[in-house]
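Record features (Swiss-Prot):
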{"type": "BINDING", "residues": "LYS26, 72-73, 99-100, LYS103, HIS105, 124-132", "note": "5-phospho-alpha-D-ribose 1-diphosphate binding site"}
{"type": "BINDING", "residues": "PHE34, PHE35, THR128, ARG156", "note": "orotate binding site"}
Amino acid sequence: MKPYQRQFIEFALNKQVLKFGEFTLKSGRQSPYFFNAGLFNTGRDLALLGRFYAEALVDSGVDFDLLFGPAYKGIPIATTTAVALAEHHERDVPYCFNRKEAKDHGEGGNLVGSPLQGRVMLVDDVITAGTAIRESMEIIQANGATLAGVMISLDRQERGRGELSAIQEVERDYGCQVIAIITLNDLIAYLAEKPEMANHLAAVEAYRQQYGV
């Protein structure tokens with residue numbers, strides 16, 4: 001685990017974005033942990049979040065021309081990541097996001113920001129079912145751009161309805177790499193370093209055993 005990944009876990013714990021306990025997911029599964037990126041909700045949170053996304057993007061080595069943030073959660077993430085790339089990595093990358101509703105005046109259309117072209121890095125919080133990715137792919141392809149990769153905060157590394165995770169399905173269907181700041185394996189490695197979290201470690205490992213990929 002790299003230092004920025006450990007720092008991200010601590011950041012998520014401090015903001016109660018990452019919690020341990022008993023949680024019922026939309027899938028109906030009982031999960032021993034829960035991740036709610038919506039609780040990164042202050043200016044400082046967003047500034048730090050952008051730095052973690054930028055760090056993981058640069059670390060991945062994936063080549064891209066533009067950041068795309070799908071409405072709505074992806075919009076602030078794309079914005080803060082673009083700022084962090086410029087401020088901390090000397091990479092001035094254009095960004096773009098979509099509107100849910102098309103507009104018939106002003107800029108018009110359903111895209112805001114730079115023209116959607118070239119190799120696109122899609123940034124979002126998490127991938128649960130992959131539905132948002134499919135919707136974004138339609139927009140990207142309609143504009144003649146290509147998907148370079150997908151960047152998220154957490155890869156839960158768990159099976160969907162079949163044998164693959166939602167992330168593995170996205171990688172298979174679109175031939176792109178999904179980059180995550182942290183994965184479930186990173187989370188388990190972090191818990192293993194903390195004796196006071198031994199009970200959470202056992203629960204998360206049991207969950208991985210049952211649902212992991």
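Just so it is clear, glycine is given a Cβ too, placed from its N, Cα and C backbone atoms.
Mapped onto this structure are the features recorded in Swiss-Prot.
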{"residue": "LYS26", "record": "5-phospho-alpha-D-ribose 1-diphosphate binding site", "DSSP class": "coil"}
{"residue": "PHE34", "record": "orotate binding site", "DSSP class": "strand"}
{"residue": "LYS73", "record": "5-phospho-alpha-D-ribose 1-diphosphate binding site", "DSSP class": "coil"}
{"residue": "LYS100", "record": "5-phospho-alpha-D-ribose 1-diphosphate binding site", "DSSP class": "strand"}
{"residue": "ASP125", "record": "5-phospho-alpha-D-ribose 1-diphosphate binding site", "DSSP class": "coil"}
{"residue": "ARG156", "record": "orotate binding site", "DSSP class": "coil"}
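Across the fold, the C-alpha of ILE127 (5-phospho-alpha-D-ribose 1-diphosphate binding site) and the C-alpha of ARG156 (orotate binding site) stand 9 Å from each other.
Checked against LYS73 (5-phospho-alpha-D-ribose 1-diphosphate binding site), the binding-site residues PHE34, PHE35, ARG156 differ in C-alpha distance, with PHE35 being the nearest. Shown are the binding-site residues LYS73, LYS100, ARG156; the one with the most C-beta atoms within 10 angstroms of its own C-beta is ARG156.
If you compare Cα positions, ASP125 (5-phospho-alpha-D-ribose 1-diphosphate binding site) sits closest to PHE35 out of the binding-site residues PHE34, PHE35, ARG156. Cβ neighbours within 10 Å of ASP125 (5-phospho-alpha-D-ribose 1-diphosphate binding site), excluding its own Cβ and spanning all shown chains: 20.
Most other Cβ atoms within 10 A: among the binding-site residues LYS26, ILE127, that distinction falls to ILE127. In this structure, the binding-site residues PHE34, PHE35 were compared by how many other Cβ atoms lie within 10 Å of their Cβ, and the smallest count belongs to PHE34.
Taking only the Cα positions, the spacing between PHE35 (orotate binding site) and LYS26 (5-phospho-alpha-D-ribose 1-diphosphate binding site) is 13 angstrom. The distance from the Cα of LYS26 (5-phospho-alpha-D-ribose 1-diphosphate binding site) to the Cα of PHE34 (orotate binding site) comes to 11 Å. Annotated pair PHE34 (orotate binding site) and LYS100 (5-phospho-alpha-D-ribose 1-diphosphate binding site), C-alpha to C-alpha distance, rounded: 27 Å.
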